[in-house]
Ligand code: UD1
């Protein structure tokens, strides 16, 4: 298993190119199930979750090929030969549930393993299932699998989501493209990835309006066709490297970064004493003064993203004064706290809130990654800390960040990957 060895204390300077968005790319690959023609995606990030999604699509019978030997351009297409998404893939990656709506819409049937540990009617896929039932699907649970059928095809209807779930909005939006008549999704998720997915689906012949707002309207069509689509740049990767500039007192130009996709994050940076500007196609982030403690609450977009929470926790652990972070989206998303505390941070968790008392400096330590974003918060702490940090279980990081050590080292960080 790979580890990172980080020697901290160096301000980062230079440029980092932000890759295609993981959370857009995964769904855009799934959109390949909606047509018999080939869908070509460019700006595909080279990360493990994308490889997992390609394996799932291959299991459904599609072929996924790099175009001209370039792995950042993938062509997906072919006939669907299996409508089953097996446990061994779904349990690896929760986003696999996204194949349910498209398979059902196209093949009128799908069997998808429930993501590990969840039960129908409770978290985490009840909204996906209820929405598909509203569109006429008959859903049963058998041996840990969701079995969904719509022998006459799906029929458009009005779906009101009780919570603006990202995954449920995407699943239902994709399914509704091939339903008969009009579907409305009320209280839809408004993340920029919704608009990116809808723009690709519309280029494939779908009729979607309002994606990116809380009210999406989809007029069903008979069939979709192939297209070529460039995946939007990853706003969370951009925000994460912005934290690397901020925590080290550096100055980074993040190529492809869009301030407009990071409104709440940029406001938090500015309040904390970090300067953020859009310079052409790059987001520039620099810090010259001290970091100040601030309060943050995670919320659905356009609020502060839960996927930036752990990184800000590392940043605020070395800010002047106290900060409070409240997590409202996921339970148990403070697993990085004990590890940060082992590096000298002073963080206490009370229910869904964490109180962070800023310390003057952190000290390097052996630490363990627990999930994707938490892993990066430990890298950030390591970049700011005195001495050496050894981060194990780097595979969590490889799920969603491409070439971390190369990107950071090019800007002056001392970080190396060691196997075993
Ligand atoms: C997506 C992102 C993830 C991000 C999250 C919130 C991808 C691949 N992942 O995850 O990085 O952190 O949005 O911005 O895009 N819930 C239910 N029932 C449901 C669906 C969700 O209770 O049917 C709950 C979940 O357990 C969670 C909350 O709603 O507590 C948010 O989930 P959701 O917005 O659906 O996130 P994901 O699509 O899983």
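Every residue gets a Cβ built from N, Cα and C, even glycine.
Any TrEMBL annotation is an automated prediction that lacks curation.
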Binding-site annotation, TrEMBL, UDP-N-acetyl-alpha-D-glucosamine: partner of 94, 329 in 70, 307: 307
Set of same-chain residues at least 6 away whose C-beta sits under 8 angstroms from residue 23 (phosphoenolpyruvate binding site): 95, 166, 191, 193, 234, 236
Additional residues surrounding UDP-N-acetyl-alpha-D-glucosamine, by Cβ distance to the 94, 307, 329 centre under 8 Å: 166, 306, 330
Which listed residue (22, 94) has most other Cβ within 10 Å, given these are binding-site residues: 22
Filtered binding-site residues, from 22, 23, 329, whose Cβ is under 6 Å from an atom of ligand 1: 23, 329
Cβ atoms near residue 307 (UDP-N-acetyl-alpha-D-glucosamine binding site) (within 10 Å, other residues, all chains): 23
Cβ atoms near residue 329 (UDP-N-acetyl-alpha-D-glucosamine binding site) (within 10 Å, other residues, all chains): 19
Three-state secondary structure, residue 329 (UDP-N-acetyl-alpha-D-glucosamine binding site) (per DSSP): coil
